[in-house]
Amino acid sequence: MSIKSDKWIRRMAEQHGMIEPFEPGQIRENDGRKIISYGTSSYGYDIRCAPEFKVFTNIHSTVVDPKHFDEKSFVDFHGDSCIIPPNSFALARTVEYFRIPRNVLTICLGKSTYARCGIIVNVTPFEPEWEGYVTLEFSNTTPLPARIYAGEGCAQVLFFESDEVCEVSYRDRGGKYQGQVGVTLPKA
């Protein structure tokens, strides 16, 4: 299994629709102002956060249970940025839609710009033949409110190509998050 380069990522996105919309370079500015970078890097792709968020709230004082998740635990928010309360988290989704090839697995890591501010981005791997918008989780580990930005980089996806094709892909086993289009809550 080997990590894939910018050249491979560009080819797969442009010829096979692996990432849509796709940015072949690294974008660091928008209208003359600095932003958190996104687009193709040497051995990965920096994804962007869309302007739709679900911010965790404890208003209903319920137990957080992944098997019986209460949708009232979140407040929906749309905007260019989102404030995450202290020691809380928010869900978002990517701007980009992904179609992962059958012989590829991705690992997604948070960007250091956010990590250095105490904001941790958590995303699970994108499995072979998974497709959809990625649901992102932003944890604010600080005792202060923290801001995240829509339309800017938030995490980096690394692509690994296997030496052999898997017997059963995410699509084959009917994965529960296949084809997700919005911020998707836990499914048991």
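Positions of Cβ are set from backbone N, Cα and C atoms, glycine also.
The annotation active site, proton donor/acceptor is assigned in Swiss-Prot to E137. What Swiss-Prot lists as dCTP binding site is K111, S112, T113, Y114, A115, R116, T135, L136, E137, Q156, Y170, Q180.
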Cβ-Cβ distance under 8 Å to A115 (dCTP binding site), same chain, at least six residues away: V121
Shortest C-alpha distance to E137 (active site, proton donor/acceptor) - which of the binding-site residues K111, T113, Y170: K111
Nonlocal neighbours by CB distance (under 8 Å) for Y170 (dCTP binding site), same chain, sequence gap 6 or more: I100, E127, P128, E129, W130, Q178
Lowest local Cβ density (other Cβ within 10 Å) among binding-site residues: T113, T135: T113
Secondary structure at K111 (dCTP binding site), reduced by DSSP to three states: coil
Residues satisfying Cβ distance under 8 Å from K111 (dCTP binding site), sequence separation of at least 6: I36, D46, V121, G153, C154, A155, Q156
All-chain count of other Cβ atoms within 10 Å of the residue listed as 'active site, proton donor/acceptor': 17
